[in-house]
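Notes follow once the structure below has been shown.
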Amino acid sequence: MESQQLSQHSPISHGSACASVTSKEVHTNQDPLDVSASKTEECEKASTKANSQQTTTPASSAVPENPHHASPQPASVPPPQNGPYPQQCMMTQNQANPSGWSFYGHPSMIPYTPYQMSPMYFPPGPQSQFPQYPSSVGTPLSTPSPESGNTFTDSSSADSDMTSTKKYVRPPPMLTSPNDFPNWVKTYIKFLQNSNLGGIIPTVNGKPVRQITDDELTFLYNTFQIFAPSQFLPTWVKDILSVDYTDIMKILSKSIEKMQSDTQEANDIVTLANLQYNGSTPADAFETKVTNIIDRLNNNGIHINNKVACQLIMRGLSGEYKFLRYTRHRHLNMTVAELFLDIHAIYEEQQGSRNSKPNYRRNPSDEKNDSRSYTNTTKPKVIARNPQKTNNSKSKTARAHNVSTSNNSPSTDNDSISKSTTEPIQLNNKHDLHLGQKLTESTVNHTNHSDDELPGHLLLDSGASRTLIRSAHHIHSASSNPDINVVDAQKRNIPINAIGDLQFHFQDNTKTSIKVLHTPNIAYDLLSLNELAAVDITACFTKNVLERSDGTVLAPIVKYGDFYWVSKKYLLPSNISVPTINNVHTSESTRKYPYPFIHRMLAHANAQTIRYSLKNNTITYFNESDVDWSSAIDYQCPDCLIGKSTKHRHIKGSRLKYQNSYEPFQYLHTDIFGPVHNLPNSAPSYFISFTDETTKFRWVYPLHDRREDSILDVFTTILAFIKNQFQASVLVIQMDRGSEYTNRTLHKFLEKNGITPCYTTTADSRAHGVAERLNRTLLDDCRTQLQCSGLPNHLWFSAIEFSTIVRNSLASPKSKKSARQHAGLAGLDISTLLPFGQPVIVNDHNPNSKIHPRGIPGYALHPSRNSYGYIIYLPSLKKTVDTTNYVILQGKESRLDQFNYDALTFDEDLNRLTASYHSFIASNEIQESNDLNIESDHDFQSDIELHPEQPRNVLSKAVSPTDSTPPSTHTEDSKRVSKTNIRAPREVDPNISESNILPSKKRSSTPQISNIESTGSGGMHKLNVPLLAPMSQSNTHESSHASKSKDFRHSDSYSENETNHTNVPISSTGGTNNKTVPQISDQETEKRIIHRSPSIDASPPENNSSHNIVPIKTPTTVSEQNTEESIIADLPLPDLPPESPTEFPDPFKELPPINSRQTNSSLGGIGDSNAYTTINSKKRSLEDNETEIKVSRDTWNTKNMRSLEPPRSKKRIHLIAAVKAVKSIKPIRTTLRYDEAITYNKDIKEKEKYIEAYHKEVNQLLKMKTWDTDEYYDRKEIDPKRVINSMFIFNKKRDGTHKARFVARGDIQHPDTYDSGMQSNTVHHYALMTSLSLALDNNYYITQLDISSAYLYADIKEELYIRPPPHLGMNDKLIRLKKSLYGLKQSGANWYETIKSYLIQQCGMEEVRGWSCVFKNSQVTICLFVDDMVLFSKNLNSNKRIIEKLKMQYDTKIINLGESDEEIQYDILGLEIKYQRGKYMKLGMENSLTEKIPKLNVPLNPKGRKLSAPGQPGLYIDQDELEIDEDEYKEKVHEMQKLIGLASYVGYKFRFDLLYYINTLAQHILFPSRQVLDMTYELIQFMWDTRDKQLIWHKHKTSSDKNI
């Protein structure tokens, strides 16, 4: 206090002032804004020591001119000394007026040196002209603290400025980082307040209390510049200073505004975290307070969910509300509203209880000595509000409280309470027993527990499932060492010594008994409310009594402390003494739980499971010995029989004992399979199978339907066949209960023939296993054969029949014999069998013309049932024939998609198997055939093979016509030539066009190398085919080449740019397509004949004869042929529907392509350049038996089987029908597949760009974690409908960039894998045009953005799998899809919901009602088109803020920021926009039309007179029927589709003057007459002439038609 008196009554110097501020009260008023108060204690001591040696001089009392401040007198300043003062600068202000300090004068007149202005400088002298700051922190003794309502402004500073008392000011610290500026401003404002400048600090509304003077402004500027270096200022502060470098007040105003906002949020969070409620205030007020805080935080972007809010509320509950912590913590989905419902209920109950309870006042002395807060607590309150809940609830384990005991309890035992007392009793402490009640029990208490809070009483516990006491005095019928597991609330085991009964004798003279456990290891004697409820006794805490359900009061309840108690005087004592409690004889009369009761209680579990669970203590409360298991074995629960009814267990081999007495073909199994959908009417949809029980011989018959007559015909046939062929009679036929077997017609037939029908029982398919397993085996074989051969689906039954023939010939591992051997038949002659789908050439014995070819390509199916011939499918004639006149095509093996068999052929094996049939062809027939071929210029097939040591010029030596050297006499070099499996061409999508994006009708691409072959019946095609002779390699090189990927085996030899070759024209007179055949003279034709007999010369011939030698050039080096780009080697062809990129002449084009159901990377029918060899035709004496399959021409065209063209037919097109069918046209494909963009792309530069785009897309997929890379799934384990096919597509964008995209085949996606109700929205064109118009009228900035791989940001909810990309090389695996891949049905909707949610929640946007994908707030409008965004705003900074938020979540690329005031060009959704803000906007498509129209292959007139109108007015279209070839019709429809599609796109974008003509012609797309085509060409010509026209908008001007 001495220091305080000194500062108030005696004048002191600056130095002594520093030393005098040592009072402890200074620290109690410490300002919270001062963060370095604790660091100045050493400075106090040092300054006190230094100033104690100085003399004190009285301060001047002169009053300055400024009425608000007092100026100090100038004093001499000693030289600066920094030695003894290493602390921060402590400057003491002499008076409150800063204008007198020369240090803070005009910026250009500041007399200081750098070391004097350092924050570490401390002026030791008392006459320093610089202000000194004391080491102590806080409000000075002579200055009142700021008001609590305004932290930053001292409202009394204006009055205190007049005082002459000295003030001790501490400077703010130096600003060292822009992030520390908010905290630094707080210290700077405190510095101003301590400098008596609190009145100039802006308040919350931005205005100071008083006007600032010039001197104060100078002081403000200089101090701010000193302590806040410009390089550490935030950007917004620099922006303010850039406008006015002295505008410190604006900086302070904005800082205070920011701090107020942050302070409010911080205060709300602190308030919410420190909530306290005990019912002292109304519950409504508490709820309003909490909900307002939560709403305010949510509005400020701080989201408080229900779980966090409830936890914060419950943590602050006390008193009677405290139990909600325990009852509500198990509710996972609890809401704030539900919690407040409970709080309101307790509050209302509390208010009612206070009105009904007598008021017992405590003695003041008791309140002073007892600091416990006695309030209602936890679990007993639950019973009071909901008694029924306790009656019906049981805990899995018995729990007991383990509450720490109190040592303040007296040793007196007095629990005698008046029986007539029914009023609630409230005991605040043990001294409140002054109502005539005694705390001593009248009975003998053998154990004195002095630690009980209320001795002689039982604690009522709603959480305990068992009653526990520590004394055995009240236990009746006790049994020792019970096997009971009891745990407390902390999961700790409580050892139990005995179990018995606890008997009560209540005040209504009724007796009740409950079970009780004895243990000395608990703090209180616990009375379980659950066990009381089991005997119809409940605790009413509103009346504080125990009562029955009829309202009879049994005993009062005493509340002491936080718990409720019942006196032990109602317990009946037992006759057992305490010392012998562990020796009590075990009572065998203890009643056990009946097993049916336990069975029902434990959810009807079986006895074995229940017994095992009790034995291992997984179920507590009772043990295995407590259950009566005597009836468990024989007990039959009727509910289990009904609810758990199952089928009987099928015993394996049980049927065999019933068939032991049957002979072969007496017991048959039969079953029907089908239907197979999407087949032509001529193909069967069902088949019926029969299996003999004894021999396991199998028969299959095709069915077109399941009618009674059809089934009866089959039964008649099979029975007659068995009777006549095997001399056996069928006795029993086993079948299922299908309607085709249970009908009356078949039943009568079987009854008439004495056959017993044996039906399976209901839903017992396993009893019909023989027939079921046969059907499954045959279908597996069918799918495999169709997949291997590539044949179309309508031949499925042929595959079934082929499999049946083979299966009957294979031995069974069980019987060691085949079915044919059991039936007494000979084994299958494999020399008569061909692989299913083997390509063959069939002789046409009845051609339409003598000059037409007589060989028809076909595919072998199976041996004939009715002849010695073979059933062969002829795609060109759309039928099957039974014939022996066929020739096997060597090298044309079945297509094996999944394996690389390119280096393998089965020609030698097939020759060896069929060698026995070679003798059927006489030599004179061969000679006669050769002579005929020479005379008619017919060319038989020859082998063109290469010499391994001559890669440059390989010449094929001609052989004389009489040479009949068989294929087996070939040299070793010929055997070394690798032969490639020639596979059936795959099905090609009919909607894919080859000329959809290029100007010419035929796409320019590298041609595929065809295998040269002609049939034995003659006919030569004049085809100009570039034949490439591949290199013959050594064995080592050949094996290495075979290990390469099959997808790239032709890539190097197909390129015209990399290979030199000679065109080898192969003439033919039987071809029908002569459009591209060059004119060749007869002499040249004779010279180029390749004779039939094959021969390989070991060395190049010395003399090259011009009439029998074909020169072939090959690449110069072996490495040049086999070299592949390293990057392409890692890019195998994906599983895509292959299509030949170019239609080129193929001499083996007669071999028809076969439709396949699955995709494959191999291009069907393409192999190495080895030619095919023929085998001598197999002749039989039997006539051909032709079975025609009637397939409609539409089906033929849909399958797109390009082979020998059938006779061209005319198609009649009706105008009205064509106009009505316009909507059914499918869109044109505008993208490239992998093989088109990379594999067969001969444009090297374009190919490299597509490869780069491919790798970029793969890296993006991995970056976005599109699929789960941790686990790969087997294709067989996944539901097929959840497997999505994928592919890579390539295209070139409008800006010239090449793009690759990995997409899913959504067109074949199963409907169960997506929600059809979800929609992907894009901005409507009119919405975009409206936004552009508003932007022009309001001088908006237009910013264009693009989000890369937008769909991949959206998660996918469904469980979907895709095949891995081709570069992973795992064709047999699947990966789990995690992101919305492009192409999926739901991807667009998922992305729209994702970006919509982000724009609304994070960017503060709202979707415009009526226009989806248009979002708006007060400053910015956004138009969303999938991954493109167009932003409109008045202020460009608003657009930038949105961009920054988007970049935080998405890979956002700015296409055009739009910040220039000059003309800016945009390309928005195909529109070329030129925009100058505030002046005009021009919309056009000149660049796009200049690029696209020439590619349409339309005859343009670029230099002629321009058209003045898009069409001739008043012209009517002729309605005569259009008669046109089908191929020509498709070509013209395809052309119309491209032309009208482009015109419609342009018209609806901005060329509205063309829409009438466009819509009229669009109705005639399917009626491509010459007149319609001419009108369409005229429209395109007009668009070409006016491509530079633009739609021009001027600001505040309406557009006129002249602008178009």
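Glycine residues also receive a Cβ, built from the backbone N, Cα and C atoms like all the rest.
The following features are taken from Swiss-Prot:
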type	residues	note
COMPBIAS	1-23	compositional bias 'Polar residues'
COMPBIAS	48-60	compositional bias 'Polar residues'
COMPBIAS	127-152	compositional bias 'Polar residues'
REGION	299-401	region 'RNA-binding'
MOD_RES	S416	phosphoserine
REGION	583-640	region 'Integrase-type zinc finger-like'
BINDING	D671, D736	Mg(2+) 1 binding site
COMPBIAS	1005-1015	compositional bias 'Polar residues'
COMPBIAS	1038-1053	compositional bias 'Basic and acidic residues'
COMPBIAS	1054-1082	compositional bias 'Polar residues'
COMPBIAS	1101-1111	compositional bias 'Polar residues'
MOTIF	1178-1212	motif 'Bipartite nuclear localization signal'
BINDING	D1346, D1427, D1428	Mg(2+) 2 binding site
Cβ within 8 Å of the Mg(2+) 2 site centroid (D1346, D1427, D1428 excluded): which residues?
L1345, I1347, A1350, F1425, V1426, M1429, K1453, I1455
In the region 'Integrase-type zinc finger-like' (583-640), how many residues does DSSP call helix, how many strand, and how many coil?
23 helix, 4 strand, 31 coil
Within 10 A of the CB of D1428 (Mg(2+) 2 binding site), the number of other CB atoms across every chain shown is 17
Is D1346 (Mg(2+) 2 binding site) helix, strand or coil when read with DSSP?
strand
Please report the number of other Cβ atoms within 10 Å of the Cβ of D1427 (Mg(2+) 2 binding site).
18
Taking DSSP three-state, what's D1428 (Mg(2+) 2 binding site) in: helix, strand or coil?
strand
For D736 (Mg(2+) 1 binding site), just give me the three-state DSSP call.
coil
